[in-house]
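A short worksheet on the structure shown next.
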């Protein structure tokens, strides 16, 4: 397994381009199964999860065509099997997203119960109950979800999500595009990635209103046609590089970004003492060599502070002036990075869903281990400002969500290299 070796203490300075959003690209790829003509998706990030989704399509008989710019054309008419097998699904939770489109378009699906990041219970029952409300018959047996549409296809339904679920909202919204009649999804996720998926579906001919609010209305149509669609910029990758500059007292300009999707994060960075300037598709952060100030934050569904930026801000607080409290309300068991940071000399106390972080002057390099995607990114940030060398193991977690992380950080001046395990 590859490792990263980072020599800390370098003030980052420079410009980088932001990749397409993984959390938007995966549902949008799943949505291509709904089309009865080829659909082309552009600005896909070059990530392991994307490769897994494309491999899953290949296993089902859909052979995506990939060009040199990593645009992917999918023609779902060539599908041969409606099974998403365990050996692919186990590595990536997002593979559950093919369930709704397959049942809606082909009348049945068999999808293995998913794997992915080990951060608490992320139940798939909302996906199942949403499809059942639309008339699907679903059995869970042998580790597989087996779903069948009623005769005549799925029917529009009024569905209330007990818990805000991004992938649940996406799956049911996709299924509803081809259902007969109107579907109303209440307490729906409002994330920008949900809006991006809705925009892609609309480009394919779907009738969707209210994406980005907590009530989404979908009027089913007979068919969805081909389209060409650009995936939105990755707001979590954007935030991570902004924090990287902030913790090192440096400056960064991120291009091909979307400031409107990051308001809660930008507000906290300003509170930490960063000077921030934005344009239509860029953000510049400058710490002017200063040490950040500790911030208090509480994660919650969009538009509040994103859980996927929590670990990065714990790294920021770890070297900030003062004490900051971080409350995690979205996932349980999401402070695994804290125990690795303690090995580097951080002063962090975890009580239930709260981490109390008192900043220290300097962290010290140490061997650490990545446990999940965002936790691993926070260890990279901690290493960038630590004294000496940090060796980060199990970085396949990082590769699931960050395209070319070492190359981008090298562009900003970081001393970072990948070594084979």
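Note: Cβ is positioned from N, Cα and C throughout, glycine not excepted.
Features of the protein shown, as given by Swiss-Prot:
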ACT_SITE  117  active site, proton donor
BINDING   22, 23  phosphoenolpyruvate binding site
BINDING   93, 122, 123, 124, 125, 126, 308, 330  UDP-N-acetyl-alpha-D-glucosamine binding site
MOD_RES   117  2-(S-cysteinyl)pyruvic acid O-phosphothioketal
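Everything Swiss-Prot records as a feature, shown here on the structure.
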| residue | record | contacts (Cβ under 8 Å, 6+ apart) |
| --- | --- | --- |
| 22 | phosphoenolpyruvate binding site | 45, 47, 49, 50, 234, 400, 401 |
| 23 | phosphoenolpyruvate binding site | 94, 166, 191, 193, 234, 236 |
| 123 | UDP-N-acetyl-alpha-D-glucosamine binding site | none |
| 124 | UDP-N-acetyl-alpha-D-glucosamine binding site | 96, 113, 114, 145 |
| 125 | UDP-N-acetyl-alpha-D-glucosamine binding site | none |
| 126 | UDP-N-acetyl-alpha-D-glucosamine binding site | 161, 162, 163, 165, 168 |
| 308 | UDP-N-acetyl-alpha-D-glucosamine binding site | 236, 374 |
| 330 | UDP-N-acetyl-alpha-D-glucosamine binding site | 299, 300, 301, 307 |
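DSSP classifies residue 330 (UDP-N-acetyl-alpha-D-glucosamine binding site) as coil under the three-state reduction.
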